[in-house]
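If you check TrEMBL, you get these features:
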| type | residues | note |
| --- | --- | --- |
| BINDING | H109, H113, Y130, D294 | divalent metal cation binding site |
| BINDING | Y130, V131, S132, G133, G134, D162, G177, E181, N266 | substrate binding site |
| DOMAIN | 29-300 | domain 'Gcp-like' |
Amino acid sequence: MPVVIGFEGSANKIGVGIIRDGEVLSNPRRTYITPPGQGFLPGETAKHHRGVILTVLQEALDEAGLKAADIDCVAYTKGPGMGAPLVTVAIVARTVAQLWGKPLLGVNHCIGHIEMGRLITNAQNPTVLYVSGGNTQVIAYSERRYRIFGETIDIAVGNCLDRLARVIKISNDPSPGYNIEQMAKKGNKYIELPYTVKGMDVSFSGILSYIEDAAHKLLSTGQCTPEDLCFSLQETLFAMLVEITERAMAHCGSQEVLIVGGVGCNLRLQEMMGVMCKERGARLFATDERFCIDNGVMIAQAGWEMFRSGHVTELSDSWITQRLPEN
């Protein structure tokens, strides 16, 4: 039963997790939070990660009750993600692997989300909706490979939500998406927004442009409230995602849906997907914020699967990439 430690830091979360044969031993995490109306820049995010990563590493070891000698493999996020934060994590992982004399494994961030979701929910062969700040994809396992059946052709769904938060100055603590979800619960007026599904793909940039142009007028004239905007955006975005997920299920003959990624924590998205699954006689699987938001143990789990299959990343190949093929 190999013990794998995983380092994740592809965006504004920095996490270190340890797993042993499907058992989560520890999973501490920190989040870089910016003021309302602002996003997070790669350089500043990397600086935050550098300042806390060794503390988080020690927390992970202490929570697991392990020492360096107990670790069999060091896994890290190779990509995709933001360049500067990824480099920060890769350097630490490389250093730790060499200091401890352990093999190193570069992990696909997207596969980490999926493998963690499958582990926690015990989904067997699901159609996967992967939704986060940087990625939006419908993925299914076909012919012994993960294959992308549909995706965003411009920005990710999480990025669209984050940008609304900036427009109407919603707090980034604990996350803009969470705060939008809470405000949407109080909205009761639906504002019609662009709905763009192109085959198996979706487009969110038109919705975002419309809201950025119209938000001030709609709010200042009393045509709607900030809560109504949050409600309307969620309903529109999630309806698009449910549509392409159902289409992928029909194509694959799948009776399971697994939602992963940070936006996957959204209970309204889970509710809407659950209605579709019920109508098809299918099952819905999702996780809570411990595992759907970027975390170290998801990288450890994917690394555990790879290590068990005989994979190792040579030091000369332990680079990072902001755009890593997901299929």
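Positions of Cβ are set from backbone N, Cα and C atoms, glycine also.
Predicted, not measured: the structure shown is a model, and the values here were computed from it.
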Give the sequence-ordered set of same-chain residues, not counting H109, H113, Y130, D294, with Cβ within 8 Å of the centre of the Cβ atoms defining the divalent metal cation site.
-> S10, C110, G112, I114, S132, N135, V260, G261, G262, M298
What Cα-Cα separation, expressed in whole Å, is found between Y130 (divalent metal cation binding site) and N266 (substrate binding site)?
-> 13
Sparsest Cβ environment (other Cβ within 10 Å) among binding-site residues H109, H113 belongs to H109
Farthest-apart CA atoms of Y130, V131, S132, G133, G134, D162, G177, E181, N266, residues recorded for substrate, distance in Å = 18
For the binding-site residues listed here, G134, G177, which shows the highest count of neighbouring CB atoms within 10 A?
-> G177
Out of S132, G134, G177, which of these binding-site residues is nearest D294 (divalent metal cation binding site) by C-alpha distance?
-> S132
Nonlocal neighbours by CB distance (under 8 Å) for S132 (substrate binding site), same chain, sequence gap 6 or more = H113, A156, V157, G158, G261, G262, V263, G264, D294
Row N266 (substrate binding site), column other C-beta within 10 angstroms, all chains, value 26
Can you count the other CB atoms that lie within 10 A of the CB of D294 (divalent metal cation binding site)?
-> 27
